[in-house]
């Protein structure tokens, strides 16, 4: 993990003083201009890392001398980024050994801070950079007791069977979630109000569907809908999937595994690329995962299960013998355990591993603060065949082992809690004996197709009713410009003057600045490191609209330029139009218009994937959607 010096970033920002309003504005303008120049310099390095010209800052350059280096603290920041200055030279140079990952992190946080100041916000402290994360990552997390102490308990099993011994170790490990200081930190990192608001909106939409007769399902519980929002936020914004750690020289993630070693309690994968070794720490300690926020399915499930506990869900960590880890959360409304796979952003689709992923399943166990359960039968529907595969221990001995672990976990529970757990366990065991047919979506290895879950995830008609109207800066420039990066899932409004771009506003997530959409979602391909907007699976068509309104001004459209990248396969078809509200495609001299994209066609089970908007690499810094409107 690459850390950056946030103090240097914060130091160059305008300070609250008793100076006049004009003086404060001058200081702010100087800061904005200096950071703009620095961002351009860093952007050049990132775009052409091997060009030595871009790694040199000449001190005889007037703009560098008068606008960048004149800002108090800027030289210290340059050193923090990695630039070096020697007395004999008249320049700063950025050595090749400074990693692109470090440069990118400084670029991201400086850009974010500048945008905040530009929009009028005056944040108290700089946010820690995180490409796909809206919540600042703390640099250090305090716990009540050290990690090893949190997961160490007296052994109760007397078996020599290593497989059974591992069950007790897994059960002990989840007890780290109950650290009060850790729980408080976790709660502070979750945007609970925002997620609850989204869940409430989805619930009201579903209530309308039920009232109109369009949906025959039972009204969902707000806590269940909040769980879906939490899963989506965690997968798309909070945690980052890592195949290989980035090379510190070239930034590539194609490095080869050289060896695995142990440092303290942490297993470390050592990769090599460009002759340099890089380390990927496979943390189990939640206090470390809340800082790094990256990993694979094990880290995903471990951290997500903990965050569920932060919101007081009864949650348990699920380990399978086929090398996959996920979460189960108890729904108090449905009185059953819900399967949640945070690394795949999937809720309530337990049979997908057996029927969609085609995995061989023999043992699956779930662990919580006061329970341990053999849940293999929830994830299979051919129980007799599965029993034939279970050869690691005697079934009777397995039951005795789980009972012993369960008793260990419940020894400090109240009589009332023990009675509740006993009743719940009995009902769960009865439910686990039932076999059911997989849904169509489980057969294809993806999330449940239930309308309630699709609606709660926003996978239906989504009306945000966001309309763009020119602000003061845009009116002054007679411009209305909007661009979108699918890699970062961010919109930017900006003005352009002689090639110089000034950011005005940013909007996080593709839904945030749309007018409406139907059957659209953002697909992230971790293996290929690509992102794009596509149709929902099993839908024949989709639509998304962005709307613009000039009626409250005396301006109209003079001309426009549109970059709108699409990709189709086979018989897939995408229609893109810029039109007035009454459907006319000539928008010059209009005061209202909209951009409309319609996706349709394709064949087979992956027809939805044959129409894609804004497909780009997750590392791309381009804007596949860029609309520039000139007004008069």
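Yeah, the Cβs are placed from backbone N, Cα and C, and that goes for glycine too.
Annotation source Swiss-Prot lists active site, nucleophile at 297. Sequence-distant neighbours of residue 297 (active site, nucleophile) (same chain, 6+ apart, CB under 8 A from its CB) are 324, 325, 326, 343.
The active site annotation in Swiss-Prot covers 324 (among others). Taking all protein chains in view, 20 other C-beta atoms sit within 10 angstroms of the C-beta of residue 324 (active site). Classification of residue 324 (active site) by DSSP places it in coil, neither helical nor stranded.
Secondary structure from DSSP puts residue 341 (active site) in a beta strand. A sphere of 10 angstroms centred on the C-beta of residue 341 (active site) encloses 25 other C-beta atoms. Taken from Swiss-Prot, the feature active site applies to 341 (among others).
Under the heading Zn(2+) binding site, Swiss-Prot lists 247, 250, 273, 274.
Swiss-Prot lists 33-96 with the feature domain 'PUB'.
Annotation source Swiss-Prot lists domain 'PAW' at 442-632.
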Message: At 10 angstroms around each C-beta, which of the binding-site residues 247, 273, 274 has the fewest other C-beta atoms nearby?
response: 274
- line: CA pair residue 247 (Zn(2+) binding site) / residue 341 (active site), Å rounded to integer, equals 29
Message: I want to verify one value. Collapsing DSSP to three states, which class is residue 297 (active site, nucleophile)?
response: helix
Message: Under DSSP, is residue 274 (Zn(2+) binding site) part of a helix or a strand, or is it coil?
response: coil
